[in-house]
Amino acid sequence: MAASAWLEAGLARVLFYPTLLYTVFRGRVRGPAHRDWYHRIDHTVLLGALPLKNMTRRLVLDENVRGVITMNEEYETRFLCNTSKEWKKAGVEQLRLSTVDMTGVPTLANLHKGVQFALKYQALGQCVYVHCKAGRSRSATMVAAYLIQVHNWSPEEAIEAIAKIRSHISIRPSQLEVLKEFHKEITARAAKN
């Protein structure tokens, strides 16, 4: 791993709890500073922040969540979220696609894995909760890929559609680039068929 990658990963770890507290604060405060913990993007996908253990029942019973796509690294979910076994016990399958916080970009392969996972649950009429720490960047990139696949939208159209529902998403230029690659692959595949 390059020195810059080590620094980025270290910075993400140092800032994890302060930025998580900020996310919790924004979820609890009332008024214009309030941010909902999660949003329903369509009939299948919910985009949100860490699914804390106390949210499990609501996600499963009220939102019909049967799949969870975790874009976090292991240390981010260790104490506050369900383990894969705990999700399974609740009737939920977890797919972890670890991506470094703040600077990380989901890989093209992981975007494809995540989209296929969501499509599996879409076919079953069930829902998938896609999350990272705050539900703003890593997970929003994954949801954009899903929308690109489902609607044959451009990356910009997918991001705009998400932002209309969850206005505080933040897709960085490097994440937009991987979405453009994803779109190019999806478009090329569709042209062959």
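Positions of Cβ are set from backbone N, Cα and C atoms, glycine also.
Marked as transit peptide by Swiss-Prot: 1-31.
Annotation source Swiss-Prot lists domain 'Tyrosine-protein phosphatase' at 37-188.
What Swiss-Prot records for LYS85 is N6-succinyllysine. The secondary structure of LYS85 (N6-succinyllysine), as reduced to three states from DSSP, is helical.
In three-state terms derived from DSSP, CYS132 (active site, phosphocysteine intermediate) belongs to neither a helical nor a strand segment and is classed as coil. Under a cutoff of 8 A between CB atoms, and with a sequence separation of 6+ in the same chain, the neighbours of CYS132 (active site, phosphocysteine intermediate) are ALA49, LEU50, MET71, ASN72, THR99, ASP101, ARG138, SER139. Per Swiss-Prot, active site, phosphocysteine intermediate is recorded for CYS132, and the stated evidence type is sequence analysis.
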## Note on the structure
CB contacts under 8 angstroms to LYS85 (N6-succinyllysine), restricted to the same chain and 6+ apart in sequence, sorted by sequence, are none
